Amino acid sequence: MVMRTRPLAAMAVRSCFSALTGTVYLLLVLCEVSWAQIFSFPFQRPETCDLNQYFDISALSCAPCGANQRRDALGTSCICLPGYHMISNNGGPSIICKKCPENMKGVTKDGWDCISCPNGLTAEGKCHCPSGHILVERNVSGSLLSQATCELCDGNENSFTKPNALGTRCVRCEPTFVNTSRSCSCSEPHISTGGLCFSNTGNFPQRLISTERYGELGMSSNSEWFTKYLQATAAACWTHSNLTSCQALGNMCVMNMNSYDSTTFDACRLFHYVFEGAAGLTGVHSVPFWRQNLPWLFYGDQPGLASQVLSTTPLPTNFSFKGQNQLKFVAASYDIRGNFIRWQTVKGGVLQLCPDTERRLDAAYSFGTTYQQNCEISLSKLLADFPSPVFYDIYLEYTDEVQHHYLWAIPVLNLNLQHNKLFVNQDSSSSKWLLTRRIFLVDAVSGRENDLGNQPRVIRVATQISLSIRLVPNTKNGNIYTPLLTIAYSDIDIKNAYSQSVKISFSVKYEMNQGDAFVQTDIALGVLGGLAVLSSLLKTAGWKRRIGSPMIDLQTVMKFLLYYAGDLANVFFIITVGTGLYWLIFFKAQKSVSVLLPMPVQEERFVTYVGCAFAMKALQFLHKLISQITIDIFFIDWERPKGKVLKAVEGEGGVRSATVPVSIWRTYFVANEWNEIQTVRKINPLFQVLTTLFFLEVVGFKNLALMDPSSSLSRSLSDYAAPYSRILRYAVATTIWLVIGIVQVVFFAAFYERFIEDKIRQFVDLCSMSNVSVFLLSHRCFGYYIHGRSVHGHADTNMEDMNMNLRREAENLCSQRGLVPNTDGQTFQIAVSSQMRQHYDRIHETLTRRNGPARLLSSSGSTLEQSIKAYHAMNKFLGSFIDHVHKEMDYFIKDKLLLEKILGMEFMEPLEKSIFYNDESHSFSSVLYYGNEATLLIFDLLFFCVVDLACQNFVLASFLTYLQQEIFRFIRNTVGQKNLATKTLVDERFLI
């Protein structure tokens, strides 16, 4: 019985445990669901709450007010209903209200007590008093009266009081009321405006324009600010010389874009009216445009005055890149009512609407740093940050030799200014400009209509601010003229401030007179261009001699233009590289500033020169490429049959003696080697591109192209990055590219070719070992000859004989390889006679009559036989020509004169005999990539720079440069291979 009970008990325990586990798991799941739900709640705003609800700033939702309560004006707490007073107030909504008794229905202004009101109640349940009276609820000691009283303020002489704005006490009337009407009222015939009282007996204009003009939008707005305060401000400034009123009047003129129209009495016309009326007063700080008690708004409207202000007097201080390199701009700031706020430095983004770190914002005032800042800001942010405009008078602070501090006024060029309805400041001639002084950034007040508490209909924003600093010509100490602040405003018609935005830009640019630099560049271009013409004429004359044509025809003119394009490309390249290095070295290395970088507009001529250099170099490159893939070439096989063999004759059933055929494989082998060296270069193109990119992007040489004085290769991410100068980018890129290219060429010539591999000389050796010579004509009567005739008589031999022949050569047991006995000269430049060329062409016509050798196997037997006969005929003719067999087409060998080598032309004309010029420099490489490395290197460099100047991206430029290198290499290989197969009868299928 006991044994049976224990299992049942155990089963019961397990069942209970399982149920408990399931319950706990379910609770956890429900808790997780509950926790997930509390992360989301309804979105409510204070204005969506009901009248009997307030907005709980903790729960961010609407909550009900207590009994006899309603929400306050802000909507974040509760107040008692009219007729109820507070008996408890713990702040916010925690109040308790109690109804006032019937005999005391009024509530005191503080809301804590009930009081009897003899003159009735207001809508809020407070006591009401007639006009000119103040409400008295307590006696002098502060005790509450049983009944409120209304006391009349004494407006008579000796008192001149009236209720204050709250109606709680009597205050003295505004002085203009007392002075004008000897009372606190301003009745006819006096004029009351803007809370002031003026007499109408003066000569102040009555017809005022309170309309704000928005030229960009083509509309006008009836500004409530101007309606309320323009006349009063102008009158107070005119009649009383009130300082703040005069400042406020000046602010209104600035808000109206400093525009002047002689036919309307707007803010600026009123300011000029007051300004002219103060002509008898002394000028402030000896400035004729700054009258006493008035702000300095204008420089005057005399023609040419702007040019004098900006270009006549240098600042009495100097700047450098190493010491005093900060522009200390300060601003006198005023509020819209004309009150002086404070002196403040413009650092920290005072004039910059775009947000950024203080370090980057302040970089705008580092001397020599070209600054550019752009952003897009929502109108809602501008309205929130600038509810009222702040006005600035900008000055440059400097110290003299004895460390006394002075201010230099900064003129403003307002592009929105209209003078008699003309935008004079948008004219290209500075003689027509009208300079001003005061600026603001955002005006959200003048665009308010009917009520100053309304959202403005139009907002005016300074969307473009540019500070121009010009260097004094020929200065050595960093002297500058007066900086110019150019500002342009945009008028935005507000539809939805949260969805609308405006683009803002702030820039600081430096300029100097580039006339001398342009003149020097033009002189260099003229001199070098003249030398290029002379060089092209010599090349054309040499070409005419090499083609054996004395006539000047259209082909000659075209050839001259092609040569001139190549030489002129070199001229432009030299000038642009020299110009770029000049700016890079002199700008970055100077301490006392004497030069400043050209501005982007001034760089256009330089960019044009680079474009011309690239276009002409591309034309030269294509000219050379086409010349290389159309050369005439033939491989002369000197191998002779070694004997005769018996050969079966088809169709005759017998045998006969036949010459042992010479193997064609040696010719195929030489042809393949020639095909391989067609695009061999003295540099590695991929290494060139990658190394250049490494130094520019990784090492940081591209930072030298920034338009700032720093020469550091590394920049912190927290630092401001100035825009790039296209001239400096070009200078840095060309310098690095040329240095890497020259280092590669020197390494290739001094080390690689000496100790590892020299493909050009190896090819000449291969020709000798293969018993094959190369006859090459790059022009009709000019070309190259590689003498490959074996000194051993035969090259088609076994390994043992080949090694023995090499040993005999090494031990000088045989004759030398040269064409002339007992010499080593194997390479020659050849100038062939016209007779020899004609004979060559007759044989060559038979050789190339078919459409290339690629279809040898599919050709008919007769055609193949004719081609083979033509090949043997050409081989026999050229071999006999080299062996002086044809006396009528003989040749002689000589050395070229030094002047001939320098000019690249031949003075002697091969009339009767051809001329072989000894050529130890292997100049036959000029028909290969190898001999045109300078052209290829400069072409690749110019391609790289043109792409970078277009897109400002070294990575993209590197990729596209390598891509074009590979494309042209493929074209050169493919077409050159087809030409080789066509001219030599080597089947293209054997060129691997």
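The backbone N, Cα and C atoms fix where each Cβ goes, glycine too.
Summarising the annotation, Swiss-Prot assigns topological domain 'Extracellular' to 36-516 (among others) and lists similarity to another entry as the type of evidence. Taken together, the residues of the topological domain 'Extracellular' (36-516) have an average pLDDT of 85.
If you look up Swiss-Prot, you'll see 37-280 marked as region 'Cysteine-rich', on the strength of similarity to another entry.
The feature disulfide bond is assigned by Swiss-Prot to Cys49-Cys62 (among others). Sequence-distant contacts of Cys49 (disulfide bond), defined by Cβ-Cβ distance under 8 angstroms and a gap of at least six in the same chain, are Phe55, Cys62, Arg71, Gly75.
Counting every protein chain shown, the Cβ of Cys78 (disulfide bond) has 24 other Cβ atoms within 10 Å. Marked as disulfide bond by Swiss-Prot on the basis of similarity to another entry: Cys65-Cys78 (among others).
Neighbours of Cys80 (disulfide bond), defined as other CB atoms within 10 A of its CB across all chains, total 25. Taken from Swiss-Prot, the feature disulfide bond covers Cys80-Cys97 (among others).
Taking a C-beta cut-off of under 8 Å and a sequence gap of six or more, Cys114 (disulfide bond) has these contacts in its own chain: His85, Cys100, Pro101, Met104, Lys105, Gly106, Val107, Thr108. Residues or ranges marked as disulfide bond by Swiss-Prot on the basis of similarity to another entry: Cys100-Cys114 (among others).
Over all protein chains present, the Cβ of Cys117 (disulfide bond) has 23 other Cβ atoms lying within 10 Å. Taken from Swiss-Prot, the feature disulfide bond applies to Cys117-Cys127 (among others).
Marked as disulfide bond by Swiss-Prot: Cys129-Cys150 (among others). Taken residue by residue with DSSP, Cys129 (disulfide bond) is part of neither helix nor strand, so it is coil. Cβ neighbours of Cys129 (disulfide bond) (same chain, under 8 Å, six or more residues apart in sequence): Asn119, Leu135, Cys150, Gly167.
Proximity of Cys153 (disulfide bond) to non-local residues of its own chain (separation of 6 or more, Cβ distance below 8 Å) is seen for Gly132, His133, Ile134, Ser159, Thr161, Lys162, Pro163, Cys170, Cys184, given in sequence order. Look at Swiss-Prot and you will find Cys153-Cys170 (among others) tagged as disulfide bond, backed by similarity to another entry.
Look at Swiss-Prot and you will find Cys173-Cys184 (among others) tagged as disulfide bond, backed by similarity to another entry. Under the DSSP three-state reduction, Cys173 (disulfide bond) is assigned to coil, being neither helix nor strand.
According to DSSP, Cys197 (disulfide bond) sits within a strand segment. Here the Cβ of Cys197 (disulfide bond) has 25 other Cβ atoms within 10 Å, regardless of which shown protein chain they belong to. Swiss-Prot lists Cys186-Cys197 (among others) with the feature disulfide bond.
Taking a C-beta cut-off of under 8 angstroms and a sequence separation of 6 or more, Cys237 (disulfide bond) has the following same-chain neighbours: Ser245, Cys246, Ala248, Leu249, Val274, Asn293, Leu294. Annotation comment: Swiss-Prot describes Cys237-Cys246 (among others) as disulfide bond.
Residue environment of Asn242 (N-linked glycosylation site) contains 19 other Cβ atoms, counted within 10 Å of its Cβ in all protein chains. The N-linked glycosylation site annotation in Swiss-Prot covers Asn242.
In the three-state DSSP scheme, Cys253 (disulfide bond) is classed as helix. Every protein chain considered, the tally of other Cβ atoms within 10 Å of the Cβ of Cys253 (disulfide bond) stands at 24. Per Swiss-Prot, the feature disulfide bond maps to Cys253-Cys268 (among others); the stated evidence is similarity to another entry.
For Cys375 (disulfide bond), the number of other Cβ atoms no farther than 10 Å from its own Cβ, over all displayed protein chains, is 15. The feature disulfide bond is assigned by Swiss-Prot to Cys354-Cys375 (among others), with similarity to another entry given as support.
Taken from Swiss-Prot, the feature transmembrane segment applies to 517-545 (among others). Sequence-distant contacts of the transmembrane segment (517-545) (same chain, six or more residues past either end, CB-CB distance under 8 Å): 552, 556, 559-560, 563-564, 566-568, 570-572, 574-575, 578-579, 598, 605, 779, 781-782, 831, 903-906, 909.
Counting C-beta pairs under 8 angstroms (sequence separation of 6 or more), the intramembrane segment (686-698) reaches the intramembrane segment (729-754) with 3 or more such pairs. DSSP classifies Cys117 (disulfide bond) as coil under the three-state reduction. Annotated pair Cys65 (disulfide bond) and Asn242 (N-linked glycosylation site), C-alpha to C-alpha distance, rounded: 50 Å. Fewest Cβ neighbours within 10 Å among the disulfide-bonded residues Cys150, Cys170: this applies to Cys150. In the three-state DSSP assignment, the secondary structure recorded for Cys375 (disulfide bond) is strand. The Cβ of Cys354 (disulfide bond) lies under 8 Å from the Cβ of Gln373, Asn374, Cys375, Ile377, Ile504, Phe506, each of which sits 6+ residues away along the same chain. Mapped onto DSSP helix, strand and coil, the topological domain 'Extracellular' (950-954) counts 3 helix, 0 strand, 2 coil.
Secondary structure from DSSP puts Cys184 (disulfide bond) in coil. Among residues of the same chain six or more beyond the topological domain 'Extracellular' (950-954), those with a C-beta under 8 A of the stretch's C-beta atoms are 693, 696-697, 702, 724, 729, 733. Looking at Cys100, Cys127, the disulfide-bonded residues in this record, the fewest other C-beta atoms within 10 angstroms of the C-beta turn up around Cys100. Under DSSP, Cys150 (disulfide bond) is assigned to a strand (E or B) in the three-state scheme.
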